[in-house]
């Protein structure tokens, strides 16, 4: 009985220690830890359905300081038919952010994907210019003063660094970039205006070099681009080149860069810590957004790329980031 009593006591002690570890994690906030180093936010992607899922929302409220709407601000959601706007989903996210003290990154105003067919069918230059200006003006006016940064144009480059073929580039040439950014600046001068893309994870890669080359040219022409967003959807073990890539993007002359859609196949602690340290080490890197909370809701769920597992439990990478900060 004495042995059993000691065993029970030992189990109780271990349980209390474990509870202490859990409580320590719950007391930490990845956003607070990150911003204590002078950065602006550590955020995540979400939307109404996820914010109404209690386990997901609790983590968002506690751990993240910024929200990016995963789909509710894209063109097919906000203006599915010409001149008829729907802001229900976007309103929900922005209102939640205001009530809970979160910054918002608007995502996205001009993108070739999730684009209504009525826009894709436009072939007249004046018509597309008018449609583009009206869309940007209407969406940005609704949230004026409430959005920290906007992804004004998204994924406009090919892998070799040339401009992607889209209705915007076909009809307007690269001038659609000027039209979009100048319109955005006129509507909300306080918002940071970004160009955002994926596969900008190595300084030597063609798309990264193309982004830097074009942004330098556009800035020299007076186009008001404040920042470059690098989505940073990484494969396992691909984190070591991120710091160099961020440095290259920052060299374009923009005032800031950000990691905007981070997820990493396998979610290894080393990969996540490498990316966080890369942003910390690059002065112009203002923040990191992970592309979701739980693997359950990830667009790459098969590769378990996020900081929380499918049961909303923190992974080793989460704790490694907290420890590194």
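For all residues, glycine too, the Cβ spot is worked out from N, Cα and C.
Here is what Swiss-Prot says about this protein:
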type: ACT_SITE; residues: 155; note: active site, proton donor
type: ACT_SITE; residues: 261; note: active site, nucleophile
type: DISULFID; residues: 279-285; note: disulfide bond
type: DOMAIN; residues: 44-324; note: domain 'GH10'
type: SIGNAL; residues: 1-19; note: signal peptide
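Reported as a whole number, the C-alpha separation between residue 285 (disulfide bond) and residue 261 (active site, nucleophile) equals 14 Å.
Of the listed active-site residues 155, 261, the Cβ environment within 10 Å is emptiest of other Cβ atoms at 155.
Model confidence over the domain 'GH10' (44-324) stands at 98, taken as the mean pLDDT rounded to a whole number.
Annotation note: the residue listed as 'active site, proton donor' sits in a coil segment as assigned by DSSP. With a cut-off of 8 Å between CB atoms and residues at least 6 apart in sequence, the same chain places 39, 246, 259, 285, 287, 288 near residue 279 (disulfide bond), listed in sequence order. You'll find the Cα of the residue listed as 'active site, nucleophile' roughly 13 Å from the Cα of residue 155 (active site, proton donor). Summarising the environment of residue 285 (disulfide bond), the number of other Cβ atoms within 10 Å of its Cβ, over all protein chains shown, is 24. Under the three-state DSSP scheme, residue 279 (disulfide bond) falls in the helix class.
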